Amino acid sequence: MAAFELYTKFARVWIPDPEEVWRSAELLRDYRPGDKALLLHLEEGKDLEYRLDPKTKELPHLRNPDILVGENDLTALSYLHEPAVLHNLRVRFIDSKLIYTYCGIVLVAINPYEQLPIYGEDIINAYSGQNMGDMDPHIFAVAEEAYKQMARDERNQSIIVSGESGAGKTVSAKYAMRYFATVSGSASEANVEEKVLASNPIMESIGNAKTTRNDNSSRFGKYIEIGFDKRYQIIGANMRTYLLEKSRVVFQAEEERNYHIFYQLCASAKLPEFKMLRLGAADRFHYAKQGGSPVIEGVDDAKEMVHTRQACSLLGISESYQMGIFRILAGILHLGNVGFTSRDSDSCTIPPKHEPLSIFCDLMGVDYEEMCHWLCHRKLATATETYIKPISKLQATNARDALAKHIYAKLFNWIVDHVNQALHSAVKQHSFIGVLDIYGFETFEINSFEQFCINYANEKLQQQFNMHVFKLEQEEYMKEQIPWTLIDFYDNQPCINLIESKLGILDLLDEECKMPKGTDDTWAQKLYNTHLNKCALFEKPRLSNKAFIIQHFADKVEYQCEGFLEKNKDTVFEEQIQVLKSSKFKMLPELFQDDEKAISPTSAMSSGRTPLSRTPSKPTKGRPGQMAKEHKKTVGHQFRNSLHLLMETLNATTPHYVRCIKPNDFKLPFTFDEKRAVQQLRACGVLETIRISAAGFPSRWTYQEFFSRYRVLMKQKDVLGDRKQTCKNVLEKLILDKDKYQFGKTKIFFRAGQVAYLEKLRADKLRAACIRIQKTIRGWLLRKKYLRMQRAAVTVQRFVRGYQARCYAKFLRRTKAATAIQKNWRMYVVRRRYRRRRAATLVLQAYLRGHLARSRYHKMLREHKAIIIQKWVRGWLARTRYQQCLHAIIYLQCCFRRMMAKRELKKLKIEARSVERYKKLHIGMENKIMQLQRKVDEQNKDYKCLMEKLTSLEGAYNSETEKLRSDLERLQLSEEEAKVATGRVLSLQEELAKLRKDLEQTRSEKKAIEERADRYKQETEQLVSNLKEENTLLKQEKDSLNHLIMEQAKEMTETMEKKLVEETKQLELDLNDERLRYQNLLNEFSRLEERYDDLKEEMTLMVNVPKPGHKRTDSTHSSNESEYTFSSEIAETEDVPLRTEEPSEKKVPLDMSLFLKLQKRVTELEQEKQVMQDELDRKEELVLRSKAKEEERPQIRGAELEYESLKRQELESENKKLKNELNELRKALSEKSAPEVTAPGAPAYRVLMEQLTSVSEELDVRKEEVLILRSQLVSQKEAVQPKDDKNTMTDSTILLEDVQKMKDKGEIAQAYIGLKETNRPSALDCRELNEDGELWLVYEGLKQANRLLESQLQSQKRSHENEAEALRGEIQSLKEESNRQQQLLAQNLQLPPEARIEASLQHEITRLTNENLDLMEQLEKQDKTVRKLKKQLKVFAKKIGELEVGQMENISPGQIIDEPIRPVNIPRKEKDFQGMLEYKKEDEQKLVKNLILELKPRGVAVNLIPGLPAYILFMCVRHADYLNDDQKVRSLLTSTINSIKKVLKKRGDDFETVSFWLSNTCRFLHCLKQYSGEEGFMKHNTSRQNEHCLTNFDLAEYRQVLSDLAIQIYQQLVRVLENILQPMIVSGMLEHETIQGVSGVKPTGLRKRTSSIADEGTYTLDSILRQLSSFHSVMCQHGMDPELIKQVAKQMFYIVGAVTLNNLLLRKDMCSWSKGMQIRYNVSQLEEWLRDKNLMNSGAKETLEPLIQAAQLLQVKKKTDDDAEAICCMCNALTTAQIVKVLNLYTPVNEFEERVSVSFIRTIQMRLRDRKDSPQLLMDAKHIFPVTFPFNPSSLALETIQIPASLGLGFIARV
């Protein structure tokens, strides 16, 4: 095909880009040969002129069609090149969130840096058993392919996982091992698969560390061989390690950590057992803090330490050894803190009593002085002498680090050895699957010896990979008989020779290490001299003489020579090792034991990733020369040997490749860096695989697939009967160049690009057809639209014209009316204007004249007031002048008088000083003294008289004093009262003043209020009108609100109903969950029982047939089944002593313990069911009451109606109580009395029955009297109060409201009694209701009786509550017992087999002892009960005897004679068959053998009555019951159940057998219920059938056992039909095209899928329908209950839907629009089958709802937000994870379909984020719905059943 045919306008190409690596563009014009440039249009919208290389003229890579983008297999792409691969991976990773992609035989895994829910057990089960190409790419698919090829080809397998650090290698290897452990299981009970998985935490803790690229980077490579036995079950494993990075122990780069185990130890340092290690925070230790990043975000090192220790315990590493490991690791940390001080340039020393070294020596158990000495010195040995030489500080530090690395490497080896010992199995290994987790190609800025070894290993692996790919391609060509032409592929053997051949790089390195003065520089010169310019793959850098370049298969790598020699030697001082060997710590010398015989593949390297060496680096003295040579092996030599051993192992296995890709360097989830991805794709060989495939014929189609896909390119005449010839003819016409394709035997091979060309032709053909269809449809639609528009236009014109005419006439009328209105209006306006003006003028005149008059008045008033003011002012002035004059005159007078007085005073002073004055004064004084003397005498006389009077008055004074004191106190009190009164008066006065002020204020306010009132009146009048308007509006709003309230009430009612329905559904779900839990427990019990039988058979075979190599016979053909795997509780309680004496092989107690738990669990479930039913009834009553509240209350019809309803309810409640008590009395009499006393014909029984009858009759009479009495009370009440009708109506209304609020009938009855007591007339009036007061007495008696009954009811209620509480306690104890049993079981499983057997025996002894004690207690209680009942029986017999004596006196002699004869004269036919079968005890085994063990459903059983074996067995049970032979009943039932189990074990894979015995078991169960004598099961029986009921035994416990057996049979039936349907479902529901031609087959890659075209031997939908019909006919033929058939149908459809949906979710090629149509059609066919079988109401259709919604999701529109909303509403049966998965997987089959955008998927996720559903992706296809067995009585009479002779039951006799 010419290039110009493909490089046409609009063709899309890839062009190189420095940022995005490759960029997509579109051609704007066709390419012509000779063009030097292409005109391109980039996706960003820019145009670009792309110039072609003038030398090569190479055109850019073409882009694949959109329908091929996102393919599961890169080899399915038509154009195979680097940009196509990169784009396909990016689309799958970013858009579809798919991390796995096939590339031929390689699985490419991209690290998502996010936890994905794709590794659960459901996913493992989905991939188990599937072909690798039938499911989407997954690590589980690779693991399944390896497991399947191992089993099919009997060849060992290998899974090679490679990639950069952080690409996810370890995780991929871990998931692969988990898959093997889950799918295969272990062949023994030692939990080998758990140990294999437990090795991961240990190896990760000691071998993984944080790097800049990965938080959990594996710093070593490992190859794990998982061993399998002949049955391909895991028996053990073995681990080989490579390339441990020892240098990390002593040095970590920035942002990196040491190995995890060191930080786990530091985080757990506070634990008590770690105190002796003297650890602390990690930043205290030099070896742990160098990276500066001691914590990993999101990782708890303490918790990880717990997991590590648990894994060690699981692998058998004891606690002492674990503590030894931790001591050594802690010692390494303390060794790193040892410091040196320099003495001089050549010597150093350690400070005395150096704490880190002291702790190291204590932990290691070595001498401090000796270790201190040899850390600072070394020993030099010559031929004659030995010297001890000090070393410098730098050398000592290096020696210390070398010692730490050496100890860690030895400890690593020791742990690996012990892990291998724990994983080793004594059973011979038949085959193995190896999982290799190793580094990928590495290149850094500075590359040293570590990178050299890693890249050397990758060169070897790449060579093996290329050869394997080439071999597979060659086999495919030869298989299809296509001429084989050699394909040129890259062979990296020259690069390997450069490294490992003679005089290669490793050889020269070893030679230089042997030289005494060899250095890195001399070694580099030897490399240059040997290989430079001689080998094209070896180069020398321009600017360096200490480096070299090697051209590897992935890229050029420059290695620095510095350090190569030292790392290759890996030297450790012998003296330090000897000190450690002499340690008192026993574990430490074990690490350094020499193992010369074993050549270990485990190796380590001294710096970087160093190979582990199990031998010391220096030889010891006294050893032979051979040993010395062995010790001189370099690291490179050891690594080369281990690598050769690995390659031999891989070449001997079938390899499977997993290439892990790191999408970015920043660990961002789902972020794709194209540059980093391309580097890794080139390095890991994926592109080489693509190149090899593209060199030949990469696209391959089967003839049928090609015909189905490209049928549209053929004409009708080209289609022949031979598909192969048709394809040949068409291809010869479509592709003229025959070199572009080849015809094989079954496939057509195309060269690269041809499928794209065919797709282009197909798309063009379909596009042309679509255009033709669109043209025709659009023309037809437009013609229809035009005619419709024409008719509409004519109609519109007609209506418009009529409308316009009407409008014109209306306009004329309006114009005339407007003219008249204008005339009148203008007249009115003018007249109103004139009147307004006139009125305004008059007002102005009046105001003006008034203003003038007021002005004159004011002027006159002012003049008058001015005159008055003048008069008063003038008078005031005259008075003022007069006063001033008067004041002046008075002042003058005063001044003058003062002057005169002064003069007089002066004169008097002068006179006083003269002698005469004094004389005059003395004369006056003498006279006065005489007078005073006389006065004194007189006063003395008076004094004496007064003293006498005083003595007389003192007595009177004292008496009066007391009197005055009392008066004083009284006065003081009165004074205080006066003060109070005065204060009160003052306060009253103040208050009076305030009141006066208030009065004045009130008066003023009154005036203001009156003024405001006038204004308010006016405003009120204005508001009234407004309020009237608002009132009307409010009325309207009120009506609307009432309507809204009614609607809300209706909505509330509907909400309550919905809530009730939801709660009901929830209760049903809870009940189903509990039932499912119980049935799963039964299933587990049956599995353990089968396991026990199988182990017992194996033990028997091992004892009886000890020959080696003898194969174990199938357990289904074993004849050594246990016949004692079942027994009832009755048998156990009665036969415990016997069972303890039986041999231990029967293991009866082991089965019975679980059986008793199951029976108790059933009882609990029944009680819970009853509680749920009661709660459901209560909810329904609440809803009914809420409805009653919301409904309109009926009109009140008077108190009589309420009273009547209350009376009716009360009587109904009383009636129920009396009936219940009557039934309990009868039951008590029948249970507690002796049979001869309570027999139907006995005198005591007859007397009691007559008394009960009379009491019931009297009760009915009293009820009628009470009704009459109450009606009379009501009528009298109404007659007494005829005037209070209104009150009565009100009271009755209130009564109705209260009655509606009451919850139950008991409350209504109590309310009525209270109402009756409050409203009834007085006692006298009541007694006078009739003449003799009889009714009142009757009423009082009945009231007392009611009180008595009520008290009895309360006591019964209390007793019931006590019983319920006791049952709850028993349930709790049973739950605790169950938890304890589970814990014991878990503990036993962890023990070794011998200890487990001993523990189980001890447990059984304890359990049996407890059970015996419990049984003894029950026996004592029963004895006490029997004694009590006997006493009661005697009392009853005595009372009955007295009654008989009393009645015999009133009975005639004839009656006395007739009555005892009644029970004897029962009519009976002696010769009639009574529906019983008699057999002898010794014939029981023959009966079971002929009727159960040897009965074939096909043949004899086909012609039998459905359920005949069940009827026969029940009739035998009836006869044993008739004979009252409990041993016979127990033996027959036990044999029957065990025999059914035997049959199902032998022929459990036959659907007819399982269906037959399920039907018969259910019929036997129904017979035991129907004829049990319980009233609930006797409703539908005839009188004759009731006579056949069991009389002596209650087989309720056996009914429970049979129900459990039926559940087990049902579960086995489901498993059988699941095994039959499983292979059909995917092929018939998904792959087969029921509607031919709807879906085309897309191109597929190397891993071909199963063809969707129905070939011979493939299953179709018709196959499924035929199989379903076969199941249905078999079940109907066996007479299975219809309800049970419905449940089976529901289970079958669930399996079909679940398996189909799970495969749809895991297959990208099935998620298309056309496949959705196919699925919906298939589902409709299944629904049609349900209709034909009348099973539409079985619930089977609902189980297909998730599948239906998934199919609808594939077909609906997926673009806008409305589409997203519709999808969220439609897909309510799918989980969010399932919806998103389907949208991500949606793949267009044709170019006309569009992919789902990422934004649309994000919108769906946002809308569904609040939905609470399971995060699980897949449905549980193994889920079994809980089964129920509704009671289905048989109408068949037992006496009419005939036993056919073909059954061989002639020894049975009819009774």
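Here the Cβ of each residue, glycine as well, is placed from N, Cα and C on the backbone.
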Item checked: Given ranges 137-159, 643-665, 1241-1263, the stretch to which TrEMBL attaches the annotation region 'Actin-binding' -> 643-665
Check: Can you tell me how the residues of the region 'Actin-binding' (643-665) break down into helix, strand and coil by DSSP?
Finding: 9 helix, 8 strand, 6 coil
Check: Per DSSP, what is the residue count of the domain 'Myosin N-terminal SH3-like' (8-60) in each of helix, strand and coil?
Finding: 0 helix, 24 strand, 29 coil
Check: Which residues does Ser165 (ATP binding site) neighbour through Cβ under 8 Å, counting only same-chain ones at least six apart?
Finding: Thr211, Arg213, Asn214, Ser217, Ser218, Tyr439, Glu442, Lys662
Next item on the list: Mind checking which of Gly163, Gly166, Gly168 has the fewest other CB atoms within 10 A of its CB? They're the binding-site residues.
Entry: Gly166
Item checked: For the region 'Actin-binding' (643-665), the mean pLDDT of the predicted model -> 90
Checklist line | Cβ neighbours of Thr170 (ATP binding site) where a neighbour is any other Cβ within 10 Å | finding: 23
Note to self: If you count other CB atoms within 10 A of each CB, which of Glu164, Lys169 wins among these binding-site residues?
What the structure shows: Lys169
